[in-house]
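Engineer: Just passing along the structure, written as structure tokens.
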Amino acid sequence: KMSSGAADLRQRKKQNCTESDKMAPEERNKENLKLGRSPKYMLIQRFAKLFFGCLAAVTSGMMYAVYLSTYHERKFWFSSRQELEREITFQGDSAIYYSFYKELLKAPSFERGVYELTHNNKTISLRTINAVQQMTLYPELIASVLYQASGSEEVIEPVYFYIGIVFGLQGIYVTALFVTSWVMSGTWLAGMLTVAWFIINRTDTTRIDYSIPSRENWALPYFACQVAALTGYLKKNLNCSAEKFCYLLVNASTYTFMMMWEYSHYLLFVQAVSLFLLDSFALAQTEKVHEVYRIYLFSLIGGYLLQFENSALLVSPLLSLVVALMLSKSLQMNMKKSAFVSRLLKIMYIYLVLTVAVTLNFLLKMFIPHKENEHLLKFIEVKLGLNTTKNFTMNWLLCQESLQAPSQDFFLRLTQSSLLPFYILVLIICLFSVTQVIFRRICGEPLKETVKLEDGRIGERPEIVYHVIHTILLGCLAMCLEGMKYLWTPYVCMLAAFGVCSPELWMTLFKWLRLKAVHPILLALILSMAVPTIIGFSLWKEFFPRIMTELTELQEFYDPDTVELMTWIKRQAPVAAVFAGSPQLMGVIKLCTGWMVSSLPLYNDDDLLKRNENIYQIYSKRSAEDIYKILTSYKANFLVIEDSICNEVGPVRGCRVKDLLDIANGHVVCEEGDNYAYSKYGRFCHEIKMNYSPYVNYFTRVYWNRSYFVYKINTVISFQS
């Protein structure tokens, strides 16, 4: 029964494809004859529209990539810097990613370089790690292959090639958003407005300014391509060749996205929930939605195999949801289709899927050994107020700006650029229209095969409904965590631009208002051109001078103290030395010198998180002996103390590193509502600078400047006072 049902489904799809291919030209020819236009004239017009739209999309992407490159040069003076000074601009986890790219290029062969990364024992002391799996280094593998295979060694320096690829991907990101808005609205004017809003709100749409090698800067362009292809794939009355192209592009971009970012399956889970809701209300072709589910399934399996059997993908909520959806649909198809059972299944479908998904995920986590980050679950508990903790790592994460609720400045910036008001307007109109469509479906009214402009039913277009649900879900996440705004704001730009440029949206509004004085179709067409044009001119007048000022202003990023520290390490420290200090500084030391370190700024490994907490004790109120035991347990030879952390004066007192350590160590006493730090030992980073016993017995200062103090950890302890 299943095989015959599947065959019938495929046969219907083929028939629908061929029928739409045959009917579309006939309908267009009849319409053209009524308007007195020849088919040849219409073909030329369509080709011209497509050509200039594609040209505008590609040009927008290229100009954005050039803009990023120019801004980066003006900010860091990259071309006039020495290699060491350039590398210092990579901070935190960015430094680690770029350091492995350097190691791949230095390896005698690509195969040898990959082997050394998968069996890496030269980065973290006392640990051999698979860096490719743990840090998702597939972007660096691809970049190194392209650099060597293209013969770019004699043409361009490795760092320029690396950041050039990232800037190029950002250009593709913008192009994909342009195309998505164009496909939805039917006019590339929407794409131009999307790009304008994206660039003007760059502070809230991308992290490219702060962290070029971060995984999301490599991955999100592929997700944007997937969303663009999915938008086209969900459209009704799509001809066969276009549908196949969109299907293949969804396949390729979904898998690539999953390989580029370790958290990609969570974002795909949000997308899958959007498609699930779309299908539950029968607002899209079920077979298309289930084809996308199969793409998720194959991408998860492929990712699991190529990511060294990454068990996190097997216990991911995406896999559980997709399997539950497919099982529930199979059960629904195989049951006898009586009217009562059919209605009952529709009512129970959502409950059944959620129950199966939660149960399956629980069972998978029970039987599949995995290293899922438990600290993430604890973080969610504390964030939601379900628990409290004194744990240093948890409180440190809660203090990060990206993991806090968005500030008022964020909404103010979106309002000043007119993005937020238009997004809310478009969202309200679309939501009301979708609600009307759902109510009609409940009442048994079928969806129209083709929605015409005069119908004013924008909520019947599946691709529009998908984007409405998707932006609402991402928006809910962005309201909880500011870091999620980089996922939400780009699609806010796209949806708002589509709305103001879409005659269908204006027509939907006029249908409700029941305009009679002016012809609604004519007014909708006029507004869909006039409103975006007015917005565009106002944005040009207000923001274009600011953007040009950014590009003409010569900024200077120079950190002489860090340069001096790295130079001293390369000249004076033994090759086998192990350095200890804050994880962010250790990442820079690893990149600039190649020396082994005791910790890294990575937060997906419980052992590394514990290391970071232990080594941060150098800024706590603990004894010299305690600190010495901690450092020697990791085979550290040198300790680097940063004056900026030791004497930190943060805007939020309880979020300074030393405050969090005092809370975790129980060195805080509460009296009459005020917190006081108390311990029988002074703060280690202050006391060690005094050069008295017992600190000089364990540590010997070997270098210092205004920002850093370097101490050699003594192997033979002298207890002379």
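Every residue gets a Cβ built from N, Cα and C, even glycine.
Automated prediction, rather than curation, is the source of TrEMBL annotations.
Residues or ranges marked as compositional bias 'Basic and acidic residues' by TrEMBL: 19-31. Summarising the annotation, TrEMBL assigns region 'Disordered' to 1-31. As annotated by TrEMBL, transmembrane segment applies to 50-71, 182-200, 266-284, 304-327, 348-368, 420-443, 487-509, 521-540.
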Engineer: Between 50-71, 182-200, 266-284, 304-327, 348-368, who has the most Cβ pairs under 8 Å to the transmembrane segment (420-443)?
Structural biologist: 266-284
Engineer: Quick test of the contact rule: Cβ under 8 Å, at least six residues beyond the ends. What residues does that give for the transmembrane segment (50-71)?
Structural biologist: 163-164, 167-168, 170-175, 178-179, 182, 188, 191-192, 195, 199, 208-209, 547, 550-551
Engineer: Report, as numbers and ranges, which residues of the same chain sit near the transmembrane segment (348-368): CB under 8 Å and 6 or more residues beyond its ends.
Structural biologist: 276, 280, 311, 314-315, 317, 319-321, 323-325, 327-328, 331-332
